[in-house]
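See below for the structure under consideration.
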């Protein structure tokens, strides 16, 4: 019913918003990724509240692949940084973990919905179809704000871990020579690149063409 849909819509948007805001102020690496998962679950529920069940399932599948990659990369970083989860003690890890840095950034970009990575195919479809519903400007604005929060905490995580000044923690790069650690990460990176189009071809029998005003069409990319 419409009441259930409206309630689910409200709860899902609040979930996306609150988990995004909390992730921006969090310093524990695993908690940031867990909150990001919560935010994406909010996205799936948002999709269900609009009646887009197949899209929610499609997003669940693509999200599973790049989020698994994200957690594996986080595990390698924690293992290599002397078992600390505090990203304040990281910094400049791209020098010690070049491969993990590339793979983790790939997963992060996919999470943000950068065009032609796995997350883009499901996330952008949900956003564009949501733009066709007449829930009003507030719901659309909140959805776009939640999208921009995802980008904010992802960029913050990348900066503090890989680019920013060294935080003083111990760091060993032994992990990259261990193929049992790095092997699954490389395989999942490949799926994060190609699973979007492949799953969309498998899930949806016909290609989707969505007509929207220019500012809505560019909305997701802009935010």
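Glycine is no exception: its Cβ is also placed from the backbone N, Cα and C atoms.
On a predicted model such as this, the values are computed, not experimentally measured, just so you know.
TrEMBL annotations:
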| type | residues | note |
| --- | --- | --- |
| DOMAIN | 3-144 | domain 'NADH:quinone oxidoreductase/Mrp antiporter transmembrane' |
| TRANSMEM | 6-25 | transmembrane segment |
| TRANSMEM | 32-50 | transmembrane segment |
| TRANSMEM | 56-78 | transmembrane segment |
| TRANSMEM | 99-121 | transmembrane segment |
| TRANSMEM | 133-159 | transmembrane segment |
| DOMAIN | 153-222 | domain 'NADH dehydrogenase subunit 5 C-terminal' |
| TRANSMEM | 204-222 | transmembrane segment |
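Residues 36, 40, 58, 62-63, 65-67, 69-70, 73-74, 76-77, 93, 127, 147, 150-151, 154, 157-158, 161-162, 175-176, 182, 185-186, 188-189, 191-197, 199-200, 220-221 of the same chain lie 6 or more positions beyond the ends of the transmembrane segment (99-121) yet place their CB under 8 Å from a CB of it. The DSSP breakdown of the domain 'NADH dehydrogenase subunit 5 C-terminal' (153-222) into helical (H, G, I), extended (E, B) and coil residues amounts to 48 helix, 0 strand, 22 coil.
For the domain 'NADH:quinone oxidoreductase/Mrp antiporter transmembrane' (3-144), residue counts in helix, strand and coil come to 110 helix, 2 strand, 30 coil, using DSSP.
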